[in-house]
Amino acid sequence: MSGQKVTGRTGRRRGLIPAVVVVLYVLVALCAPLISPFDPNHADLVARLSGPFTTVHGHFHLLGTDALGRDVLSRAFYGSRVSIAVAAATVVVSGAFGVLVGVLAGWYRGWVGVVVMRVADIALSVPFFLLAILVVAVLGPSLANVVICLALVRWPRYTRIAYASVLETRERGFVRGAVAVGAPGRWIVTRHVLPEVLPLAVVVATLELGLMVVFEASLSFIGLGVQPPTASWGSMLSDGQNYVASAWWLVTFPGLALFGLVLAVNLLGDTVRDRLDPTRSVSRKPFRRRGPGRGGRAPGWLRPGGTTGPTAPTSTAPTSTAPIPTAPSGTSQEA
Amino acid sequence: MNRGAVATAAGYLGTRLGQALIALWGVTTAVFFALRLSGDPARLLAPQGATAADIARLRGQLGLDVSVWHQYLNFLDGLLHGDLGYSYVQHQPALGLIAQRVPYTIDLALSALFLSVVFGVGAGMVMALNRGRWPERVLMPVVLVGQAMPAFWTGILLILLFSVTFRILPSTGYGGITSLILPAVTLASLSAATVARITRGAVLEQLGRDYVRTARSKGAGTARLVVRHLARNVSVPILTVLALEVANLLGGSVVTELIFAWPGLGQLTVQSVDGRDFPLVQAIVILAALVYIVVNLVTDLAYAFLDPRISTLGKAAGT
């Protein structure tokens, strides 16, 4: 299964359409004020609950209006801002934190690793929704708090992946080699370990993205997300649920918008996983480990008079003068 | 198993149980202090126009007038005696209130789990065994759609279709088997799709193995191949995802129960968080964490029986 052409004709095309759709959603979110026909919060009680394709005193409502006479299309446009902003922010925050903590745990092991992984286990052992509700209840519902709460719930996913990957990577030849040459820990982690971890983290992140869109909508749906006047797909659906018997458009269109975004993001996530997953052979490495930078010169900590490295080399220099200057040429590079 | 293996297995079990207890303690502690940060329940519970003295007295009645550490010790003491406190709002033991709701949530979660196993594993098998032919071409889009449908939208659409348009199923409340159908399908749709994808992947991976080719060449039909050869080998990844799905079902039931006005734990959770009903929230969180931890423990142990090659001891060291 692994040997099949991942980047073949179908593979390339498979990622294209979802990518275009996601870009469209992002464009709509960015341009919401320009393309919305009406103010999303403007209530027009005369036009309340009018169906799609209706014109009420000169205003054409393509997707109808809600119980307060607000234009559904405009609200759906603005709702995309909330969904995309929250999902992206959550993935970035939880991903960055999770990877950082996971790498530290995997690199230092010992009690740091034990503590981090146990805390991650604890965070994972509470059903996410309960934790999310708790966090929002504690902090109070707002856009930033939704991000914090989702990040608090989701960071262990990245931590587990990063931890396992670091444990494996640190035993590999190029890391042991770097340690043997005397590279400082920070250098090894950023230049050698992180490039192995990041593709995995990106795979998790893209798969998480769709989930985060759903989670934000779920929180808004039960009234713990974005607060009333602001349009969000989740809150539009929860408002519309009260009129499900009379106004089908109120629950159909926001849901459709949500569904389209999640589907596109999920498909994109699958493509990204197929391309980045190290267990499948892929010709191009997306996060290529670069050679020693600065025009092939050895890194600072390896050069004899290196002042850039604030760490050990200066103290070890007096005892062993000879080996360090001769080492530089290509030692830190993995074959 | 020889005696050494039994001893190491017992040791492993002991370690896991110890870790589970620590996790449980961590969860309860975190929840305890998080709740204390979230605001003063006495202020919320007191009727309008209550004086500061009234609120102070109420606080004393609820046991909130002592320091947080004192409260925490009282709470732990009660916990060790199986006492999870009294609900502030309903003046009943928290455990009793939960016990009233649990059967409904279990009904819902088990039916959903059943549906996702039957349809998820079934669809996954069919897709993998018919790779590239029409069953997969039909099922795969269904699975992708199922994965992208948020539970609350599925639920509303089902209500729109079966309760509003066709009027054949009740939309809300609890009354017999017909009222269970829509919530169970709603809850199951997402996990069924996930299970189907995992099953498909697992079966496809196994189909490439030598033993499958050998079995085929010895004349095994598809049915025999699946039952005798594949079932056990694909059960490990499926079990893994099912354990995760149990947690998701418990969490997802919050939204589903709200949509269908289902009188289960999910509703109770939202109510108790809204009302700052500390003992009730704590009890629910402890229960939920307990379920999750037990499910994971059982899963880990089940691996060893399903696939003797998986060394549970090795897993204890890593993640």
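Glycine is no exception: its Cβ is also placed from the backbone N, Cα and C atoms.
Remember, TrEMBL labels are computer predictions, not curated facts.
Annotation comment: TrEMBL describes B:20-37, B:108-129, B:141-162, B:174-196, B:238-260, B:280-306 as transmembrane segment. Look at TrEMBL and you will find B:102-299 tagged as domain 'ABC transmembrane type-1'.
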**OP:** Counting only CB pairs under 8 A, let me know which of B:141-162, B:174-196, B:238-260, B:280-306 has the most with the transmembrane segment (B:108-129).
**Re:** B:174-196
Original post:
Does the chain bring the transmembrane segment (B:20-37) near the transmembrane segment (B:238-260), so that three or more CB pairs sit under 8 Å (pairs 6 or more apart in sequence)?
Top reply: no
Subject >> Beyond the flanks of the transmembrane segment (B:238-260) by at least 6 residues, Cβ under 8 Å >> reply: 105, 108-109, 112-113, 116-117, 121, 151-152, 155-156, 159, 171-173, 179, 182-183, 186-187, 190-191, 194-195, 198-199, 202, 266-267, 269-270, 288, 291-292, 295-296, 299, 302-303, 306
Original post:
What residues in the same chain, six or more past the boundaries of the transmembrane segment (B:174-196), come closer than 8 Å to it by Cβ-Cβ distance?
Top reply: 104, 107-109, 111-113, 115-117, 119-121, 123-124, 127, 139, 142-147, 149, 151, 154-155, 158-159, 162-163, 238, 241-242, 245, 248-249, 252-253, 256-257, 259-260, 262-263
